[in-house]
Structure formats: structure tokens, C-alpha cells
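Q: Supplied in C-alpha cells, the structure appears directly below.
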Amino acid sequence: MQRENWASRLGFMLAAMGSAVGLGNIWRFSYVAGENGGGAFLLLYILSVLVIGIPLLLVEVSIGRKAQQDIVGSYQKLAPKKPWYMFGYLGVISAFLILSFYSVVAGWAIYYWWGYLTGALFNRPEGGYGAAFSTFTSQDYSPLLWHALFLGITMIIVLVGVKKGIEMANKVLMPILAIMMVALAVYSLTLPGAAEGMRFLFQPDWSVLENPSVYIAALGQAFFSLSLGVGTMMTYGSYLTKQHKLPSATAGIGIMDTLFAVISGIVIFPAVFAFGIEPSSGPPLVFITLPEIFHQMAFGGVIGFVFFTALSLASISSSISLLEVPVAYLMRAAKMKRRSASLLVGVVIFFSGAAVSLGMGRWSDVTIIGNNNIMDSMDFLASNLFLPIGGLTMALFVGWYFTKQQALDASDLTNTAIGPIWYTVIKYIAPLLILLIFLNAIGIV
Ligand code: LEU
């Protein structure tokens, strides 16, 4: 069967950017930054992106393009009969875990979108937006419906195929979301909590660095936000042909994605302080903060509507990339049709997502890892452990299994000044840093 390809390098760029920019930049970034003390976390996150994330993004896309396969197939093809492919399965599992909660949270975003469309959210609910949010998410059925709707849309786009839906949607979407975010940031800076919010975000409180979990949170956020280590970028890279140059594309994606996160911090934190919300409120943070902002703004209802439209669409372009990982795998390994693979994975994820959703209410006392509920446990496992392990494997694969020449060639860095620097980073520096962060987290160093 002929494999699909992107229409152009721009098509790939947009799809990869669409994968990177999503709930991770707005929802996850703000609450993780809030929980980890703000400024010092931001610094560690940006360092993780620059030193580990962007170089590994190039690694991941290069493997995919060279192998022209899904994540498991790529390792099998480039390293036949070697155990590397086992780590490919880790990517498939991560995609599965992440999509299970991603779809639930995106369901919340669509519910908010609907609330602005119908005007239900224009007026501050009795008891505030925070209470309304937990009333909604702790219900049994309603959040499930939005989760099902979001997952259904994701499945339809994936079963139509990579090129058609994805490239087009992202062309319009990214610019709208970017404009909205910048405009909201400017507005947030006029709020009475602006100075405090900016201090929280940009003035590091170094004492938080004594806590090892801050490092792993920053690393995990970098991986999650760049869609790195899960196989999405490898799969998207596999729809590229050799004529497209990768280094500038991947650097551009990494920088854009990080800018989105920083700007969303500028939107959220002034409002957090202006409205007296706890920065460490966890996953509900943006769902409480944003409606407060829109409530206060002139034409806030319309702005809320446009914003949640853009956020929901941005989440779709990320969830498609996640679903594409197991689908591409099943299409090759189980010789399934795109349609049946998408349906099968979608249905399974609906059920695991349902557990996540019930974990916000009826099953809220179910804890899996430490004190974490179902969603936070899945997120911790996937984002803070599996993705960095996936990335580490990719770095070791290209750094140690490939020859230097093969590595440079696969990533279009032959005879370039940055080639040797990149190679040193992916062969030694990034793997060592990831290991150190892990060892530190379990208390060994
Ligand atoms: N990078 C995406 C986001 O920030 C998530 C990824 C796991 C597809 O929303």
C-alpha cells in the first residue's frame, strides 16, 4: 500500500506545530507552573526545551523520515532483530494514556465553548466559576458526552487521513489562536494583579529548586508540550520525503510552541492574582481563571467564544497526532484499514477516558500513583516517565546505534557548523541530563 505524504514542507510544519500547540501550552503549562512555584520552573522548562527538547525533536522526526514507518516499525526497520522496537511500544502506550485524559480535558474546553456560544457562561454563576467547574466535572454523564464528542471528531479526522483534514485546519487555526493569546495577554497586563502575576512567572524563587520534583515536572512539561517521545513526531516525520530540510523546521516548531506557553502564562497569572485564585489549584486552574477574565472584559462573552473555539480546535490538532500513533502502528502491524484502526482505538480510548472522567467525581477517591487521582496518575506516568524515557531511547538510538555520518545525514546536518554540536548534545548531554533528573527524582543523586 502506498504510504501517505505531506503536500509540502509547510504542510508538515503546520501539522507538527498543530500537534505541539494545544492544551499543553495553555491548560497544562499554567497549572504545572503554578504548582511548581512559577519563575524557577519556567526557567527549567525553557532550558529543557532548548537543551533537550529541540535537539530531540530533530532526532525523532529524522528517525521517522528515514524509516518511513510508525514508531514500532521505525525501530524494527532501522535495527532489525534488535530490541530497540520494544521502546516503540512504550510510545504507543503513552499515546494511549495521554489521549485518555487529553480527550476528557478537551471535552471540558468544548463544553466551555458551548457555554459561550449559548451565553450560559456570560454571567458569573452563583458560587463562582470554580464551584461551577467542579460541579460540572464531577457529574457522571455530562462530561462523558463532551469527551465522546471530542474523541469522535478526532476519530473522523484521523480516519479521513493525515493530509486532508490536518494541513488545512492548521493553516487557519494557528494564527487565530496566536492573535487571541497576544490580545488576552495585553489585556491581562492591565489587571490589578498584573505586577504580582509577572513576578510569580518571571522572578524565580530559587528555593523551589531544592525540590527534585520540580526538575522532572519541567522536563515532563517540555516533552508533553513538544509532543516529544511519544512517536507523534516520528509518525509525522514518516510522511515526509527527503527533499524537505529538517533542522530549521524543528527549531521553529520548538520555539513557537514555547512562546505560546510563555504568553499563556502572561494571560493566566495576572488574572490568578487579580481574582484571588490559588496558583497551585491544579488542573482546573485555567477553567476558573479564564472565565473570570472574560467576565470582566468588555465583549468578554464574544471573546470567550472565540478563545474556546481556538483552544478546542488546537486540541483537536494535537489529539489527531496522538491517535495517529496507534493507528499507524495497527495499519502496518495488523494490516488494518485506516478506518477500522481508528474506530478500534477510539472506542478503547473512550472507555479509559471514561474512567478518567469518573475519577473527577464518583471515583475521586481512587488514587493510583501516590495521592494522585486517575487523571493525574496517567499524566504523571506518561508525561514525566514514559515520554522522557521514549526521548532518551531516541537519543541513544541515533547517538549510539547510528554512525555519526548516518546521524548527521538523517537530520540534514552533514557539513554544517551546528552538526557536531547537535551530535554531542544528543549523544552525551541530553541523555545524561535526563538520567540525572531521573536519579535525582528517586533520590539517588
Ligand atoms: N503537545 C500537545 C499539547 O501541548 C500534547 C501532545 C501530547 C500531543 O497539547
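Just so it is clear, glycine is given a Cβ too, placed from its N, Cα and C backbone atoms.
Got these off TrEMBL a minute ago, pasting:
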{"type": "TRANSMEM", "residues": "12-30", "note": "transmembrane segment"}
{"type": "TRANSMEM", "residues": "42-63", "note": "transmembrane segment"}
{"type": "TRANSMEM", "residues": "84-114", "note": "transmembrane segment"}
{"type": "TRANSMEM", "residues": "144-162", "note": "transmembrane segment"}
{"type": "TRANSMEM", "residues": "174-195", "note": "transmembrane segment"}
{"type": "TRANSMEM", "residues": "215-237", "note": "transmembrane segment"}
{"type": "TRANSMEM", "residues": "258-277", "note": "transmembrane segment"}
{"type": "TRANSMEM", "residues": "297-320", "note": "transmembrane segment"}
{"type": "TRANSMEM", "residues": "341-360", "note": "transmembrane segment"}
{"type": "TRANSMEM", "residues": "380-402", "note": "transmembrane segment"}
{"type": "TRANSMEM", "residues": "422-444", "note": "transmembrane segment"}
Q: Can you work out which residues elsewhere in the same chain, 6+ from the ends of the transmembrane segment (341-360), have a Cβ less than 8 Å from its Cβ atoms?
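A: Tertiary neighbours of the transmembrane segment (341-360) are 96-97, 99-101, 103-104, 107, 137-138, 140, 143-144, 147-148, 151-152, 154-155, 158-159, 323, 326-327, 330-331, 334, 366, 373-375, 378.
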Q: For the transmembrane segment (215-237), which partner among 297-320, 380-402, 422-444 gives the most CB pairs under 8 Å?
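A: Maximum Cβ contact count belongs to 380-402.
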Q: For the transmembrane segment (42-63), I need the partner stretch with the highest count of C-beta pairs below 8 angstroms, choosing only from 12-30, 144-162, 258-277, 297-320.
A: 258-277
Q: Could you give the residue numbers and ranges of same-chain residues that sit at least 6 residues beyond the transmembrane segment (297-320) on either side and whose C-beta is under 8 angstroms from one of its C-beta atoms?
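A: Same-chain contacts beyond the ends: 15, 18-24, 26, 99, 102-103, 105-106, 109-110, 112-113, 116-117, 119, 121-122, 150-151, 153-154, 157-158, 165-166, 169-170, 173-174, 176-177, 180, 184, 187, 227, 290-291.
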Q: When you look at the transmembrane segment (422-444) alongside the transmembrane segment (12-30), do they share 3+ Cβ pairs under 8 Å, ignoring any pair fewer than 6 residues apart in sequence?
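A: They are not in contact.
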Q: Which stretch from 84-114, 144-162, 258-277, 380-402 shares the most C-beta pairs under 8 Å with the transmembrane segment (422-444)?
A: 380-402
